[in-house]
Amino acid sequence: MNEKTEVNMTIGIDKIGFATSQYVLKLQDLAEARGVDPDKYSKGLLLNEISIAPLTEDVVTLAASASNSILTDKEKEEIDMVIVATESGIDQSKAAAVFVHGLLGIQPFARSFEIKEACYGATAALHYAKLHVENSPKSKVLVIASDIAKYGVTAPGEPTQGAGSVAMLITQNPRTMAFNNDNVAQTRDIMDFWRPNYSTTPYVNGLYSTQQYLDSLTTTWDEYKKRFDWTMNDFAAICFHLPYPKLALKGLRKMMDKTLSQEKKDSLQENFDKSILYSQMIGNIYTGSLFLGLLSLLENAENLKAGDKIVLYSYGSGAVSEFFSGELVEGYETYLDKDRLSKLKQRTALSVEDYEKVFFEEVELDESGSAQFAGFENQDYALVEILDHQRRYSKVEK
Ligand code: CAA
């Protein structure tokens with residue numbers, strides 16, 4: 001049975017961009033400091049480095065920076081919706097998207113809001129953006145997945161922290177990847193990872209969360225195959241939510257069934273290896289990590305071509321999971337940055353001691369609820385001060 005909804009319009013990702021923070025922590029250094037075998041991180045988790053953000057870089061500045069890297073002035077005049085998906089938001093009321101709308105100078109008659117369901121949020125945002133464009137074909141929607149993943153010093157998740165933002169422009173006749181209208185989601189009310197309002201770091205049932213990730217993967221995948229006529233042979237690559245790449249590798253192995261030829265398995269494995277390159281240098285960026293995997297695949301894979309289909313597995317603790325797919329369009333390489341790996345190497349490395357100070361520093365407000373910040377000259381956008389409890393952001397003039 002093929003339940004794919006026929007939509008007389010192609011909608012998808014027109015452009016995709018990324019920004020991460022200015023500092024990096026080498027996991028070799030962290031392993032030494034924690035008295036752990038470095039192979040546990042590099043082979044056990046498949047991680048090498050993690051991005052570290054100071055106070056002046058948050059989900060708003062990273063979102064603005066990722067978006068600005070792909071948008072023209074004309075597109076800023078055309079966007080009529082800005083959605084920021086995040087689980088590390090900076091205000092319980094005002095949406096990060098409103099700050100981003102202001103920083104980018106998007107035309108005023110736009111809808112801006114935040115969306116949350118752990119690492120799944122951006123997938124829901126993409127679906128809503130697609131429905132909006134279906135309804136209003138000239139619309140352009142800016143969907144941004146922006147997060148800073150902080151588990152705490154010596155927490156089991158410490159080597160899987162990270163910071164980054166993926167921005168995607170969703171339009172009709174997209175120039176990168178068209179959606180296939182084949183989403184299948186699953187919800188389970190579980191407590192595998194959560195962060196109460198009173199806590200700056202999450203509570204994690206680590207092993208349980210990995211079991212839920214994998215069980216949601218196999219059950220949602222089975223349902224997806226049941227509802228549509230797809231098999232693994234239809235896809236050139238699979239992109240996974242990447243809390244750490246080793247877990248996704250386990251997912252890949254579960255999806256490679258006996259019907260696949262060795263050649264197909266090798267090609268899927270090769271593309272998987274390309275899809276984890278950025279995460280291995282950045283760590284978990286929660287809701288953006290699936291799309292960071294997609295970006296890494298598109299910018300580094302050597303055996304992809306227009307017309308190839310890519311299936312994506314989204315997982316957000318709590319938990320919501322989803323499979324959906326897209327098809328690469330002619331000329332999809334045009335808007336990608338093939339130089340990103342070398343740019344990532346330009347981040348400033350921190351010692352473990354400095355990382356502990358920089359990443360976990362808390363804002364100290366004076367009696368009026370204000371604080372001034374400095375040292376943000378290398379950023380594109382920065383939190384420059386808090387004045388009477390109001391966060392003030394600015395584009396950094398170079
Ligand atoms: N050499 C090589 N490999 C080694 C090793 C060594 N010296 N020492 C350990 N390993 C391997 C282990 O065998 C293990 O591999 P397998 O999973 O294949 O068995 C791997 O390294 C990790 O070792 P442990 O399981 O002992 O690690 P841990 O218990 O200290 O931490 C974790 C693992 C619980 C997942 C922890 O990283 C964590 O809490 N992470 C945060 C939660 C998380 O990411 N969950 C994922 C699903 S939830 C989700 O997806 C949402 C989200 O983004 C958070």
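Each Cβ is built from the backbone N, Cα and C atoms, and glycine gets one as well.
What TrEMBL lists as domain 'Hydroxymethylglutaryl-coenzyme A synthase N-terminal' is 19-172.
Sequence-distant neighbours of Asn284 ((3S)-3-hydroxy-3-methylglutaryl-CoA binding site) (same chain, 6+ residues apart, CB-CB distance under 8 A): Ala149, Gly157, Thr160, Gln161, Gly162, Leu242, Pro243, Tyr244. Secondary structure at Asn284 ((3S)-3-hydroxy-3-methylglutaryl-CoA binding site), taken from DSSP and collapsed to helix, strand or coil, is coil. If you look up TrEMBL, you'll see Asp37, Tyr151, Lys250, Asn284 marked as (3S)-3-hydroxy-3-methylglutaryl-CoA binding site.
TrEMBL lists Glu87 (among others) with the feature active site, proton donor/acceptor. Counting only residues at least six positions away in the same chain, the Cβ atoms of Lys116, Glu117, Ala118, Cys119, Gly121, Asp147, Arg195, Tyr286, Thr287, Gly316 sit under 8 Å from the Cβ of Glu87 (active site, proton donor/acceptor).
Residues annotated as active site, acyl-thioester intermediate in TrEMBL: Cys119. Cβ neighbour count for Cys119 (active site, acyl-thioester intermediate) (all protein chains, 10 Å cutoff from its Cβ): 31. Secondary structure at Cys119 (active site, acyl-thioester intermediate), taken from DSSP and collapsed to helix, strand or coil, is strand.
Around His241 (active site, proton donor/acceptor), taking its Cβ as the centre, 32 other Cβ atoms fall within 10 Å, counting all chains. The active site, proton donor/acceptor annotation in TrEMBL covers His241 (among others).
Secondary structure of the domain 'Hydroxymethylglutaryl-coenzyme A synthase C-terminal' (254-358) per DSSP, as helix, strand and coil residue counts: 53 helix, 20 strand, 32 coil. Under the heading domain 'Hydroxymethylglutaryl-coenzyme A synthase C-terminal', TrEMBL lists 254-358.
Ligand 1 lies under 6 Å from the Cβ of the following recorded positions, listed in sequence order from Glu87, Cys119, Lys250: Cys119.
Scoring each of the binding-site residues (Asp37, Tyr151, Lys250) by how many neighbouring Cβ atoms lie within 10 Å, the top position goes to Tyr151. For the pair formed by His241 (active site, proton donor/acceptor) and Lys250 ((3S)-3-hydroxy-3-methylglutaryl-CoA binding site), distance between Cα atoms is given as 12 Å, rounded to the nearest Å.
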